[in-house]
Each structure stands twice: as structure tokens, then as C-alpha cells.
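Inspection log for the structure reproduced underneath, given as C-alpha cells.
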């Protein structure tokens, strides 16, 4: 019974730690990474994993790379005090 409670608690903790999602952002310009092939996209998957680690995923959503399974402190679009090339 104690083992079952520990397993349940661990699964709940993992779900909260890896819950963040968001657009991949260029930290210098404040712009989202653009993509044109909507849905599963090798470019977005590769860029998300490069920036956030192997555990993350990525696909093209609304012409921007959307990253999934991020850690809570991951930086995603929009950046505070930074607009995309003044737009």
C-alpha cells in the first residue's frame, strides 16, 4: 500500500515539473522561431530539443515552433521588455 502511494506521488510530481509549454523564442530579438509546415515538424523538434533538452518535444503551431514538456523555468515567448524587432 505504501509503495502504491509513493508511485502515485512520484507520477504527480513528474506531471507538474514537466508541464510547461510555449513558443520557442530567440533571446536576442524576442521573436518566435518561424515554421511553415504545420503539425509534426523536424525543424521545430530539433530546435526545441537543442534549446531545452532531449526530453522536450516540438511541432509547428500557428507558424511558430511550439515546444512541449519543458521545465518550469524555461524561457518562452513573449519575453518581458523585449518585442520582436520593435513590433
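Cβ coordinates are placed from backbone N, Cα and C, and glycine is handled just like the others.
According to Swiss-Prot:
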SIGNAL    1-19  signal peptide
DOMAIN    20-85  domain 'LCN-type CS-alpha/beta'
DISULFID  31-84  disulfide bond
DISULFID  35-60  disulfide bond
SITE      43  site 'May interact with the receptor site'
DISULFID  44-65  disulfide bond
SITE      46  site 'May interact with the receptor site'
SITE      47  site 'May interact with the receptor site'
DISULFID  48-67  disulfide bond
SITE      51  site 'May interact with the receptor site'
MOD_RES   85  asparagine amide
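Structural mapping of features recorded in Swiss-Prot.
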residue : record                                     : DSSP (3 states)
31      : disulfide bond                             : coil
43      : site 'May interact with the receptor site' : helix
48      : disulfide bond                             : helix
60      : disulfide bond                             : strand
67      : disulfide bond                             : strand
84      : disulfide bond                             : helix
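Residue 85 (asparagine amide) and residue 31 (disulfide bond) are 7 Å apart (CA-CA, integer value). Of all the disulfide-bonded residues in the list 35, 60, 65, the shortest Cα-Cα distance to residue 47 (site 'May interact with the receptor site') is found for 65. When Cβ atoms from all protein chains are considered, those within 10 Å of residue 60 (disulfide bond) total 21, not counting its own. Only 48, from the recorded positions 48, 51, 84, place their Cα within 10 Å of the Cα belonging to residue 65 (disulfide bond). A gap of 8 Å separates the Cα atoms of residue 67 (disulfide bond) and residue 44 (disulfide bond). Note on the domain 'LCN-type CS-alpha/beta' (20-85): its mean pLDDT in the predicted model is 93. Inclusion criterion for the recorded positions 35, 84, 85: a C-alpha placed within 10 angstroms of the C-alpha of residue 44 (disulfide bond); this criterion is met by 35. Considering only the recorded positions 35, 46, 60, the residue whose Cα is spatially closest to the Cα of residue 85 (asparagine amide) is 35. Annotated pair residue 35 (disulfide bond) and residue 48 (disulfide bond), C-alpha to C-alpha distance, rounded: 12 Å. Put simply, 60 is the one of the recorded positions 51, 60, 84 whose Cα lies nearest to the Cα of residue 43 (site 'May interact with the receptor site').
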